[in-house]
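Here is the structure we will look at, set down as structure tokens.
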Amino acid sequence: MRYTKLNFMMSVLGIIIYITDLIVDIWVSVRFFREGQYVFSVLTVSFMLFGTLVVQCFSYSWFKADLKKAGQESQHCFLLLHCLQGGIFTRYWFTLKKGYHVAFKYSSKTDNFIEEQIDLHKEVIDRVTDLSMLRLFETYLEGCPQLVLQLYTFLEHGQANFSQYAAIMVSCCAISWSTVDYQVALRKSLPDKNLLNGLCPKLTYLFYKLFTILSWMLSVVLLLFLNIKIALFLLLLLWFFGISWAFKNQTQFCASISMELLYRVVVGFILIFTFFNIKGQNTKCPMSCYYIVRILATLGILIVFWVCPPSIFNSDYFIPISIIIALTLFLGIIFLIVYYGALHPNRGEEAKPDEIDGKPVQIDCRMKYFLME
């Protein structure tokens, strides 16, 4: 387990994507406001605040746990930084500072791994894993709703300005990056887990997630054109089912009850857009049911939209959008089958419960359970 120069460059790329995503979201919000589209402007800001507030809560609770573990008192400056929405930047600062020392300076002295070296590398890897988890939360809480909103405004007006194109592209990059980066970082932080090595497994996993998510988002956008109330009811219902599933599985991710409740709410929200195994169990049946329902819901939306097309929707876009939805869903399922059938890190091992969020990690690890796939 070693934090390399490539890992450091990936961390730098991660903060670049994070800052770019933040700037573009602010830019789009201001653009909506200047064009008189106040509802879209408020929604954009609301999604940003919702995502960042949740992430700051998790980040600060982890800082407190780290300080308590080290026998130090909680510092008020950390609370102030998180109240000012600077928790992620604070973590990136500490991680990049320590990571640069480990990857470039410390490792150049000697290649002999003594206990002190292993501890230093593990410390940085654990910090990177924390950041990857927080970025994953932020992506699905803020990035996915933002992408749905941008796609809706684009299809409603039949055209988009440069800021909207930029927002769509950056959101797609952020979703793709955070999802794959999370898998790689988390598996690397757990010594008893197989690493996600090689470009092919990573790309296959990325395309599986990206295509299935994009297909569902476009379907939700079509449903919004049909009836906004029905679409919101469906999303809230899926959110409720996701939260119920987390409670049924009795997740044990956080030490405190309040943070565990918040975690289950976040898990329910993530399950609106993509599947995650939230407990250490065999994923074949839950995942099959999840994507069977996803396919049926997508087909149902397309059929209803074909039979009762809304007057406000540009009919010239319907056939291309329908093809894109069907094609991305089909490709996403194909990549899913290929990944779990031939490229999954555990494919060569005996059948056993997955390691996702249900198996205790090392005793000295800050969190007992992880959500992973």
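Even glycines carry a Cβ here, placed using N, Cα and C.
Same-chain neighbours of the transmembrane segment (12-32): 38, 40-41, 44-45, 47-48, 88, 92, 96, 131-132, 135, 138, 142-143, 146, 150, 161, 163-164, 166-167, 170-171, 173-174, 177, 181, counting only residues six or more beyond its ends whose CB sits under 8 Å from a CB of the stretch. According to TrEMBL, the transmembrane segment annotation covers 12-32 (among others).
As annotated by TrEMBL, transmembrane segment applies to 38-63 (among others).
Here the transmembrane segment (230-247) has long-range neighbours at 220, 223-224, 263-265, 267-272, 278, meaning same-chain residues at least 6 beyond its ends whose C-beta is under 8 angstroms from one of its own. Feature annotation from TrEMBL assigns transmembrane segment to 230-247 (among others).
Residues annotated as transmembrane segment in TrEMBL: 261-278 (among others).
For 290-312 (among others), the entry in TrEMBL reads transmembrane segment.
Same-chain residues lying 6+ beyond the ends of the transmembrane segment (318-342) with a Cβ under 8 Å from its Cβ atoms: 155, 201, 204-205, 207-216, 218-219, 222, 291, 294-295, 298, 302, 305-306, 309. Taken from TrEMBL, the feature transmembrane segment covers 318-342 (among others).
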**OP:** May I ask for the residues of the chain that lie six or more residues beyond the transmembrane segment (38-63) and have a Cβ under 8 Å from a Cβ within it?
**Re:** 22, 25-26, 28-30, 32, 74, 78-79, 82-83, 85, 87-88, 91, 130, 133-134, 137-138, 141-143, 145-146, 149, 153, 254, 256, 259, 262-263, 266, 366-367
